[in-house]
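Undergrad: Sharing a structure below in C-alpha cells format, with a few things to ask.
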C-alpha cells in the first residue's frame, strides 16, 4: 500500500534481481475498496501450478459472475473483480485431466463470460499472456527492451532484443530503456516468452460492431507522450484546443492554461486564434494531482496550495483560460477568483472536452452523478456560478473528430493497416453521452 | 506480522470498539511459511455471506485435501491448511439452494474429510462456531465475561453474563476479566451467540478409541495456570517432578531449575527428596523465549544472554538441575558449563519429561529428527556430551501417570462426569513414542 | 529529517495549535553535514530565557568564530554555523546583569562579528526578530495574515491583521492565506510582535558599498512567483530570455525549453525572435528536482527518468532549447541525444544565465570547481561535447541588466523609494565572476 | 528513543564495527524530560577536540550550576544536568593554552563544583575516564573482556586481556563475555586506555564522613546477580527476608512471593520460619516492569494483566506474601483480592524493605510525597486499606544490618581491604529516613 517509491525500496527490488519475468500493478482502485487484500497481482495455486493475474479495468457483469463463482463453491477473499478473473481462470470448466491445462482455452472462455473491460497480464511458469478485451476499452501496449549500452538507441541495426515489456501506457518504456513496439489489439491474446511475442488468437465482437477505446484516456488520464492507436496523446489534445478555438472563439488579450495538463490544448487554441500564449499560474512543487486525492476537504486544500500567481503577466488583461475538463466545478472557481483578485480584467473559460454527465462502469473512477457539475442546476448558469465572464465546453463531435481525424487519414492512406486497430473504428464516450458500448448488468 | 503489541496499537483497536463479536489468531506458523498471506483469520465471501475461520492445529491429510480442492477448480492463494479448511467450508457439496446454508452440516462434513488436528473458530454473521477435532488433539476452552465493576468477582450472585470468549488456553481469561467456564470437548461443535452457549453435536471416534490430547502442552507449551481436562498445568508439572524424584534420586546439596518453566517440577522434586530448593540462575529481562527464535545462531546467542549466575548460592555445592525438556541439547550444555565455572562441585541433570524422538505432524513445530538429541549418537553418552555428572529423563509411563492420575481419580469418584472429557481417556505421545494416533498421509 | 510532509503529520501539527508564534527551517544543508543535530531552529536556554534561532545562509568567517566561541569555553554540539550564531547570541560580552538582556545589542554585536551571509529569525518569549545581513545576500520578506473568511482577499477594507509571517520567499504566503507586505532590508533588524512590525535598526555597510543580493536566486533557486527587490522573478527570467535572443539569435523552426524552470526565458526568447514556442519534452511526474539529489549516480538516473518525448512536435525541425543554467553539463547532454534520436534536425542550446565558474561560500551548494563544466577543458568545445549544433550563454552584463533594469527604472521614477532596497544597488555575481563581495576567511 | 533492541538494529551496530572504544547510556530519565535531545552521551567539540559524556545520577546543585554556566554565556540546549556536566568540562577555568587540555584537572574541578550524584564516563580521543562521585552514591564497576574462544572461562592462565568495559551493574558483563574486575571507588578517577586501567586520583569527602551508596539499589533496582561492595545483591535480599522473619513472624501454611524480584526474600523468610515456599502467581510473559511504565492508568492495567493465578497451590491455605517494597500501595491490593477470590484463607503481607517516605534527589525516580502510601492517611490502617490480614515492613535497622553485615565481617577479617570500599562505610537511606547525605540546594 502506498506510493511505489516507498513500497519498493532498494532491498525489495534486490530480491527480484535473479528473476527474468514478472508482473505488477499500480492499482488506483475503482471497484473494490483500496485495501491490502486487493493488491495485485492475484496469485493462486491451481492443479497445474501457480498463476498470477494483473488486471486493469472493471467487469460490467461482475456481480453475476461473483454469484456464479460462489455458487460453484469458491470462497472469495476480496471484493475485487480481479480475484474473480483469477478464480474463473482456475476453475473454468471443463477441467482437463490432471496433467495439463489449456490456458488459452481458459482465457477464451473467460472472454466469453465477460465482455469488458479488462486488459490482463497472466503469468504461468515462464509465459506471460497479454490480453485485451474485445472492445479494446482499456489500453495495453508492448515495448521492446534494447540491449544496454545504447539505451536511447532507435536500434535500426539492433536485430537483437533483450526482452519484452507490456504496459498500459507507452510512456513508461523510455525511462526503462525500452522502445514502443505495438499495441495489443482489441480481443487479442498475445503470448510472450523470453525472446518471442506471438498472437494466439483475436476474439472479435460481432461483425460491424465498433471497438470502444476509452476517449477519456486522451482527454485526461494518459501522459501526453503516450501513443494510442498510432497517435500521440499530445497531438490529440492540441487538436482539441484548435477545434475549441473554432467552436468558441473569444475577444481577449492572452490565452493561458491551468498547468499543466491543459497546456497542449491552450497552445493549440492560442495558435488558432492568433493570441499570445502566456503563463498566469505556476505550480507549487511537491503537491500531488487533484483528481487522485481521496476526499473533498483534501481536494479543496489541494487547490489552495497548488498554484502561485504570476500577476505581472496578466494585470489589466483579458484572459482566456483553457482547462482540460471541468468535473465538479470546484477547482476552477477559486482559480478564477485568484486571477481576478490578482488583476485580471476578464476571465473566460474554454474547456477542451465536453461535460461529463454519466458514471463509468468500465474502470474510471468518476464522481457520482450528483457531484458532476453538468448534472447540477448551477450548470445552467455555469459562468456565473464559477465566476467567469464566459465558459464554453468542446462539443462531443469536436472531441471525437479531434481523436479520429488522423486515424481515419491513416486508414485511408493505408487501408491494409491492421496493426493500429482492428474492426470498425470507435470510441467509448459513455461518460459524455450515456451511450454505453455494452449492456450493463447489476 | 509481528508481536501483537506492535501490530495492534490503540488506533487499530479503537476501530473495533463498535463491534460485538470477533475472532483472531496469534499464529506461530507450523505448516505454511510465516507470511502475511497466512495471517488468520481467513475471511471469504460465500453465497451465504462472509465466513471467517481461525485454526489452531495442522491437518494430517492436508496434501490430499489440497489436490481435491484444486481439482474442484479453486485457486488457493496460500500454502496454509487453514485456507484449505475455509475453502472446504465454502464448497462442501451438496451445496444447498441459494437462500440458506446449513453450516453445521458443512462443519460435520469437514470433520469427516479430515480427522485431526484442528481447534476452530468459525464466524458467520452473529454466530461463532467453536469446534474441536474428534481426537481432541489441540486444546480449546470457553470463558465467561463477567459484568464490569466486579472484574475479579467469582460471581456467585452473577446470574448475568456479559459475553463469551473462546481460547486455546484458559490462562488468557483472567487478564481480560473473564472466568473459566468449560472445555470444548473432543469432537464437539459449540454454537456461541450473544448470550448463549449451545452444543450442536459431538462427532466421536469409533467406539473405544481413546482421545489424543497433546501431552506436550502439559510438558512445555501451556502456561502453568492454564486448566486442561480439569487440572492445572502447574500441578501436573509438580507431579512430574515428584515422580522424577522417585524414578531418579540423587545425592546432592540442593535442587534448582532452569528458570522459569521447570520451577514447578523442581519444587516437586526438592520436596519429594527433602533437599532445599535454591535459585542458581536469574533471568536476564527483555530476552525472549528460546524455543520461539527462528535460527540456530540467534538461539545460541539467546542462551548466552539469557541468564545471570547467582554463584554465592551454590559455590562448592552439589547441584541438581531440573529441566522441563532437553530437545537439541544445546541449551543445557552452556548452562552446566556456567555453573561449574561459577563454583558448582557437581551438576546433575534431571529432565521432567521423556526424550523427544519423533516429529509432530499435528501442529507442534518440533525440530527435524536429525536435530533431536535423542536421535543422535551423543545420546548414548549424554551426561558426558553435555558435561553433567549425571542425566536422567522422566519415563513415558511416569509422565502419562503424572498427567492422568488425578483425572482418573476424578472419574472414579464421579463416573458420570461428562464435562471434563468424553470417550476413553488418552493422550498423544507421538513425539516421545512414535505412536501416532492417526494414520499419516503425504 | 526528511520531507516536511512526512515529518509533520497531522498529529505533530496538532500539538502546535494552542501556540501563537513559532519559527522553523527547511534546511537544505550547505555547511555542516545533513544530520539530525543540525536541524533548525537551534534552541538554547540562556540566563534570560530560551532563544530559538533559524538561519538561512553561511558565515564566511565561521572557522575563526568557532575557535573564538570554543576558546571562551563553549562546547559546540554540531558542525553547524547556525549553532555558532546561537551561542554567539548567548554569550556575547559584555553580559548584562542577571535581570535583563539587550537582545538588539547582542544582535548588532553579532552583525559586527560576522558580515555575511545570514537571514535570521530569532525568537525570544513573545518576540521574533527578523534580521538580514548588511550585504542583503540572502532573501527575507514579511507577509501579513489576512483574517479568515476572505482568504484570497486583497483586503482594501481590511484594516485588521491576523498576524505576521516571515519567509525567504514571498511565494509561500499565498498558500497559507497571507499577502506580501515588504522585504526585510539589507542590515535591517525587524522586531515582530503579535500585531506590530517595527524596524529597530539598520546596520549598513560602509558608505557607497553596494548591497550584494545573490543573483542566482533570480536565475535558478526562487519560485517564479516570488518577489525580490520589488520585481517578480518570472519577469526577470523572461527578460533574460529576451536579452539572450538579442545576444544570440539563431535560425530555427521552433523554440522550446527544458521543463519547467526555463519556460519563462524560452517564452521571452521565442517572442523576441518571432519563432513559435513548442513543447518538446513532458515531465515524468513524481520525480524530484535534479539539483537536490545527493550523488552523481542518482542524478544520472534522475535525468534518464525525468522526461517523456513529444516527438510529433519537432520531427524534422530545427529546435532551439532554452535552459536556465548549465552547471555540470551532464543534464543537457542526454536531452539533446534524446531529441536527435526522436527526429530533431538541429538542436541549438541557449542558456539564460552565464556559466558558473566559482564556488559559493555564502549558502548555495555549488559543485566543486572541478565539476563545473565551465572550468573543464571540454568547455572550449562545449557544443561538440554536449552534442549540440550550437550553444551560447547569456553574458554577465546581460544578466545583470535584466535583473537591475526595472529596479533602476523604479528608482529613477521614485528616487525616495526606500522600501524596495537600501544603499547602493548591487548583486553578488561571485559564482559567475569570482568577485566575492566580502573578503573570505578560512 | 525507545527500547535498545528497536533502536540499535543490525545495521546501526554494523556501523560501529571498525571502532575500538565507545560509550553509551540507557537513560531512564529522572531529571530533565524524556526527550530526544536528552539522549546520552552528550558530545561537544571543544578547543581540544571532541568529548563525549555519559552520566548516571542527578546533581543536587544542578540549579545553581545551570545559572553559573549560563552566566558565563553558554546557551544550554537541554534541561539535562548531564549537558551541564559536559559544558562544565568544556569551559572550566582556568582554560589552558590552545595546545593541550588537562582533563584530569577539569574533572577534579567538576568534582569540587558538585558533590553528588554522578557516575561518569568521559571519552576523549582514545581514552575513557570513569568517575564516581565522592559519596559513591551511584554504582560503577569495571569488567575485563576475555579473549574469544573461552567465553565463559575464568581465565587463570589468561594473562591476556582483550579490553575493558565499564558498567553500572556487573550483571551486564556475563552476557558479553566479560568478567567482573572491580568497583570504581567513591571519588575515584580511573583512566582506561586500550590495555590498561589506572587510578589517577581519589577525591575524598572530609575525614570521617561515610560514603553514601544508594541502599535502594539493593532493595529494588539492581539485578540479583550484580555485585556491589563485594557482595551479591541476591544474598542481601535473602538476608532481608531472614531478618523479616525474625522481626515479623506469622502463623501460616505457606510463604510465597510476588514474582519475581521478591523471590530471594521469600525463600529467606520461608527458610527462617520453617514454612514451605510455594508459588501462587505466575508471570504473564511479554508484560514489562510496573515501575517503568509512565502513567497511572497504564500501571493499573499492567497489574491486571501481569499475573496468572495458581489457585490449586493455595486454596484454603493461610498465605504469607513477601513483597520487595510497597511504594504506592496500588499494586499489592489487587493481588490480595485476586488471591482471596481464588481461595486463600488468609493473606499476610511482609515487606522486605522499610516504607519509602521521602523523595530522592540523587537519581531515583520516586513518586511524589503525596503518592507515597507511607505518607497517606491510609497508612495507619494499611492492612485494612490493601485488604490484607496483616502487613509488616522491615525496619530500617534491619535493612541496614542486612546490607552491612557481611561487608563489616569482611572488613574485620581483612582490615587492609581497600578494594571493596574506601573511607567509612555508609549508605544513603534518605528515601526511608529523610537523612540526606548532602545539603540540598534549589
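Heads up, the Cβ atoms here are built off N, Cα and C, so glycines get one too.
Automatic, uncurated: that is what TrEMBL annotation is.
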Undergrad: Would you identify which residue of A:171, A:214, A:240 TrEMBL lists as part of the [4Fe-4S] cluster site it also attributes to A:360, A:428, A:431?
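TA: The record-listed residue among the candidates is A:214.
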Undergrad: If TrEMBL says A:323, A:324 bind Mg(2+), which of A:261, A:342, A:390 does it name for the same site?
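TA: When TrEMBL describes the Mg(2+) site, the candidate it includes is A:261.
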Undergrad: Beyond the listed site residues A:261, A:323, A:324, identify every same-chain residue whose Cβ lies within 8 Å of the center of their Cβ atoms for the Mg(2+) site.
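TA: Result: A:220, A:257, A:258, A:262, A:265, A:322, A:325, A:351, A:352, A:353.
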Undergrad: Which state, by DSSP, holds residue A:214 ([4Fe-4S] cluster binding site): helix, strand or coil?
TA: strand
Undergrad: Out of A:261, A:323, A:324, the binding-site residues in the record, which is closest to residue A:431 ([4Fe-4S] cluster binding site) when you go by Cα distance?
TA: A:324
Undergrad: Please name which of the binding-site residues listed here, A:261, A:323, A:324, is nearest in space to residue A:360 ([4Fe-4S] cluster binding site), Cα against Cα.
TA: A:324
Undergrad: Note the Cβ centroid of A:214, A:360, A:428, A:431, the recorded [4Fe-4S] cluster site, then list each other residue of that chain whose Cβ lies within 8 Å of it, in sequence.
TA: A:137, A:215, A:216, A:362, A:363, A:364, A:429, A:430
Undergrad: Relative to the Cβ of residue A:261 (Mg(2+) binding site), which residues of the same chain, six or more apart in sequence, are found under 8 Å away?
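TA: Within the chain, residue A:261 (Mg(2+) binding site) has Cβ neighbours under 8 Å at A:220, A:224, A:324.
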Undergrad: Where does residue A:261 (Mg(2+) binding site) sit in the DSSP three-state scheme?
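TA: In the DSSP reduction, residue A:261 (Mg(2+) binding site) maps to coil.
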Undergrad: Where does residue A:428 ([4Fe-4S] cluster binding site) sit in the DSSP three-state scheme?
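TA: SS state of residue A:428 ([4Fe-4S] cluster binding site) = strand.
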Undergrad: Fewest other C-beta atoms within 10 angstroms of its own C-beta: which of the binding-site residues A:360, A:431 fits that?
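TA: Output over binding-site residues A:360, A:431: least Cβ neighbours within 10 Å is A:360.
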Undergrad: Just to be sure I understand the packing, how many Cβ atoms besides its own are within 10 Å of the Cβ of residue A:324 (Mg(2+) binding site)?
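TA: Result for residue A:324 (Mg(2+) binding site): 23 neighbouring Cβ atoms inside 10 Å.
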Undergrad: Report, in whole Å, the straight Cα-to-Cα distance of residue A:428 ([4Fe-4S] cluster binding site) from residue A:323 (Mg(2+) binding site).
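TA: Cα of residue A:323 (Mg(2+) binding site) to Cα of residue A:428 ([4Fe-4S] cluster binding site) measures 21 Å after rounding.
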Undergrad: Look up residue A:323 (Mg(2+) binding site) in the DSSP assignment and report helix, strand or coil.
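TA: Looking at the DSSP assignment, residue A:323 (Mg(2+) binding site) belongs to a strand.
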